[in-house]
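According to TrEMBL:
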type	residues	note
DOMAIN	13-212	domain 'Cation efflux protein transmembrane'
DOMAIN	230-301	domain 'Cation efflux protein cytoplasmic'
TRANSMEM	12-37	transmembrane segment
TRANSMEM	75-94	transmembrane segment
TRANSMEM	106-124	transmembrane segment
TRANSMEM	165-186	transmembrane segment
TRANSMEM	193-216	transmembrane segment
Amino acid sequence: MDPADPSRLKNGVLSNLGLFIVKGSVALSCGSAAIYASTLYSLSNTLNDVFSLLGLKMASRPADAEHPFGYGKELYFWSFIAAVFMLGFASMGAVGRGLKQIKEQYVITSDILPVLALAIAFLYECFLLKSALARSVPKEVQDSDYILKNYIRLFKRNTNPTNQIMVLQSTAAVIGTGVSLSATLIASWTGSYLFDGLASICVGLLCGSMALILAFQLKELIIGCSACPDTVRLINNLAMQVPGVTDVPKIKTMFIGSHSLLVNMEIKVKSGLDIESIEDINDEIEKIIKINLGSVRHINIETFADDMVQDWKRKTDFYFKSKTVSEVM
């Protein structure tokens, strides 16, 4: 399944909406601030998925004269809006509710119902996290230990914000629901309102932290983030495999969408080649790169022959040797 498949996001909307309804009903019936915070987070996740769906739709528009490279970065923009919403709505709302709980010293009216609801939600959100992680790594890498050990690196290298949002919100949901469940159990045993309020504050701070992490990652993609060093190295190796290529002195890359990479590169070819042969080399480089890297959509190649480079270097050296420093400046 495509990581950015709208059907997966639609399933996410329904799942989070169901969690929101269940948690919200329990929060209203028992007055728990911890469950209230978890409810806000489920609502935030629902709206985040809606923003991601909107971003996918806007990003899928074909390229035109005003946007020759397409609208791929629309997805980054709407995902950034989702992160801002997560920070401003769910985080602040949960922290505010926790402070109010501590100040007013409200006692939870039920013990069993909130614990049962949070326990079921915790198990379900663990399942959602596992699914999100499995979809966020290449098909050939599905080892659970590898995914857990390389969680941060895999997240940073993933340029699909729909995957990043799914992983982040699932991670925060598991941690937040676990904190809420623990606080609810402690509050029911001790009869203290304090733990319930503190749990709500912790969930709010966790949600805010996740939103900031996602926002900073998306900022890099909106500005123009390059491909990872491994991808650049692979592009270099693929180009060097083409007969006639002697060197690849420069490669510049930039993501212009979740599955769209722009590549600008300079290559050196052996001397004595005619224009037709050089064009064939460029076509072969473009072909082999696109076959091995499906994310590459646009390639610009600037070609220099070895004899041209040597001639330019010889003329440059002669120019500088024949001039004084003051004349050059």
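Here the Cβ of each residue, glycine as well, is placed from N, Cα and C on the backbone.
Against the transmembrane segment (193-216), the recorded stretches 12-37, 75-94, 165-186 differ in Cβ pairs under 8 Å, and the greatest number is found for 75-94. Tertiary neighbourhood of the transmembrane segment (12-37): same-chain residues 43, 45-46, 49-50, 53, 93-94, 97-98, 100-101, 106-110, 113-114, 117-118, 120-121, 124-125, 128, 166, 176, 179-180, 183-184, 187, 196-197, 199-200, 203-204, selected by CB-CB distance under 8 Å and a gap of 6+ residues from either end. When pLDDT is averaged over the domain 'Cation efflux protein cytoplasmic' (230-301), the result is 90.
Per DSSP, the domain 'Cation efflux protein cytoplasmic' (230-301) is made up of 29 helix, 29 strand, 14 coil.
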